[in-house]
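Participant: The following block contains the structure, expressed as structure tokens.
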Amino acid sequence: MGGGGSALRVCAEHRGGINWLSLSPDGQRLLTGSEDGTARLWSTADGQCCALLQGHESYVTFCQLENEAAFTCSADCTIRKWDVLTGQCLQVFRGHTSIVNRILVANNQLFSSSYDRTARAWSVDKGQVSREFRGHRNCVLTLAYSAPWDLPGAPFEEEAVAGGLLVTGSTDGTAKVWQVASGCCHQTLRGHTGAVLCLVLDTPSHTAFTGSTDTTIRAWDILSGEQLRVFREHQGSVICLELVNRHVYSGSADRTAKCWLVDTGESVRTFTAHRHSVSALKYHAGTWASSPPRLNLMPCL
């Protein structure tokens, strides 16, 4: 399964690099957040821009497409909710005191991570902070959430898992597992020798995959904190991860994306079409999208 994939389509209307992208469940719409301070909604069928979301006062670090709403966060310390049909900003979430790195909408909550060393949970409806997670010694870069119904048989009291688990990764080299209901740290995942830049969760197996500036991907049991596996082949920082079935896709500063077998850590395919670091990627039905300064759509098979 070696060899590189070729780009199917390129979208290049942003005036700066694309920092993140989010694909709709049906694969027909793609949301991108850019260094130019805007987010754009695209049709994947023809690569045309359908909506321009502008209002942030600095670059957009991350974006998420959620039904008919879009969520973006920025170096301006805010999070914004948008109507993707009209491009109108519906709500601004304020409270972080530094760059907001990542956001995640789940279970009618909005989770965020920031350079201010905290992660926060917000009410999507009210726009207010409901919980702060403090304990990292440096910037919180990435996060993932496991809902309470994904945790059957977890060794916690019922109250502890009522709000699910939040996993965060930091430039302090660790990932932490938090009980959302209490805000308490359940596990600290130690092993990386560099900043944790990205992570994804395999909720059925209670496994987290983390990517780091140390060029490795590591698999962890989030309940016990045990390190399960190390994936080694990238020659640069691992910037982004995507979990699809029993495969992990990774994007790296070495200008490649890779596909790995979850169960063995074996690299089974390398994609080499990029001229810059691969900062984001998204998979849908045999095609995956990745973004350096431009957006490339590529076949997986």
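The backbone N, Cα and C atoms fix where each Cβ goes, glycine too.
Just so it is clear, the model here is predicted, and its values are computed rather than measured.
Sequence annotations record features per position, and here TrEMBL assigns repeat 'WD' to 11-52, 93-132, 163-188, 189-230, 231-270.
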Participant: What does DSSP give as the helix, strand and coil breakdown of the repeat 'WD' (93-132)?
Facilitator: 0 helix, 24 strand, 16 coil
Participant: Counting only residues 6+ away from its ends, which parts of the chain sit with a Cβ under 8 Å from the repeat 'WD' (189-230)?
Facilitator: 138, 141-147, 150-151, 154-155, 165, 167, 169-177, 236-243, 248, 250, 252, 254, 260, 262, 265
Participant: When the pLDDT values for the repeat 'WD' (11-52) are averaged, what is the result?
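Facilitator: Across the repeat 'WD' (11-52), the average pLDDT comes out at 86.
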Participant: Using DSSP, tally how many residues of the repeat 'WD' (231-270) sit in helix, strand and coil.
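Facilitator: Summed over the repeat 'WD' (231-270), the classes give 0 helix, 24 strand, 16 coil.
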Participant: Would you mind splitting the repeat 'WD' (11-52) into helix, strand and coil residue counts from DSSP?
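Facilitator: Each residue of the repeat 'WD' (11-52) counted once, the result is 0 helix, 23 strand, 19 coil.
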